[in-house]
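Q: Below you'll find the structure I mean.
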Amino acid sequence: MSQAEFDKAAEEVKNLKTKPADDEMLFIYSHYKQATVGDINTERPGMLDFKGKAKWDAWNQLKGTSKEDAMKSYIDKVEELKKKYGI
């Protein structure tokens, strides 16, 4: 697993033939943020921002996960989604 593989997966996920399910998108989002930013560094969105809260919660669950582990999980998930949805 390398930065190049991660970057490639980040581009490929944008080209899936079908948009993944919400839970799959949250997985992709949270692992991307953990790999690129690290532990969450923002306040939780307000109570009416349901989408923002879901994304924040998913990322927050990865607190303490290393960049390398987040990248590997992200790449593995993109490979799974490519098989499921096509590219």
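Every residue, even glycine, has its Cβ placed from backbone N, Cα and C.
Okay, so Swiss-Prot annotates it like this:
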type: MOD_RES; residues: S2; note: N-acetylserine
type: DOMAIN; residues: 2-87; note: domain 'ACB'
type: MOD_RES; residues: K8; note: N6-succinyllysine
type: MOD_RES; residues: K8; note: N6-acetyllysine
type: BINDING; residues: K14, Y29, S30, H31, Y32, K33, K51, K55, Y74; note: acyl-CoA binding site
type: MOD_RES; residues: K17; note: N6-succinyllysine
type: MOD_RES; residues: Y29; note: phosphotyrosine
type: MOD_RES; residues: K51; note: N6-acetyllysine
type: MOD_RES; residues: K55; note: N6-(2-hydroxyisobutyryl)lysine
type: MOD_RES; residues: K55; note: N6-acetyllysine
type: MOD_RES; residues: K55; note: N6-malonyllysine
type: MOD_RES; residues: K55; note: N6-succinyllysine
type: MOD_RES; residues: K77; note: N6-succinyllysine
type: MOD_RES; residues: K77; note: N6-acetyllysine
Q: Return only the integer: C-alpha distance in Å from K8 (N6-succinyllysine) to the residue listed as 'N-acetylserine'.
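A: On Cα coordinates alone, these residues lie 10 Å apart.
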Q: Just give me the nearest neighbour of S30 (acyl-CoA binding site) among the modified residues K17, K55, K77, Cα to Cα.
A: K55
Q: What subset of the modified residues S2, K17, Y29, K77 lies within 10 angstroms of K51 (acyl-CoA binding site), using C-alpha positions?
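A: Matched modified residues: none.
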Q: How would DSSP class Y32 (acyl-CoA binding site) in three states?
A: helix
Q: Of S2, K17, Y29, Y32, Y74, which recorded positions are close to K55 (N6-(2-hydroxyisobutyryl)lysine), meaning a Cα within 10 Å of its Cα?
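A: Final answer, ordered: Y29.
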Q: Rounded to an integer, what is the Cα-Cα distance in Å between K14 (acyl-CoA binding site) and K77 (N6-succinyllysine)?
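A: The Cα atom of K14 (acyl-CoA binding site) is 13 Å away from the Cα atom of K77 (N6-succinyllysine).
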Q: Comparing the recorded positions K8, K14, K55, which residue's C-beta has the most other C-beta atoms within 10 angstroms in this structure?
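A: That would be K55, with the most Cβ atoms nearby.
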Q: Cβ distance under 8 Å to Y29 (phosphotyrosine), same chain, sequence separation 6 or more: which residues?
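A: Looking at Cβ-Cβ distances below 8 Å from Y29 (phosphotyrosine), excluding near sequence neighbours, one finds K55, A58, W59.
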Q: By Cβ count within 10 Å, point out the most packed of the recorded positions listed: S2, S30.
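A: Highest number of other Cβ atoms within 10 Å: S30.
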Q: Work through the binding-site residues one by one (Y32, Y74) and point out the residue whose CB has the fewest other CB atoms within 10 angstroms.
A: Y32
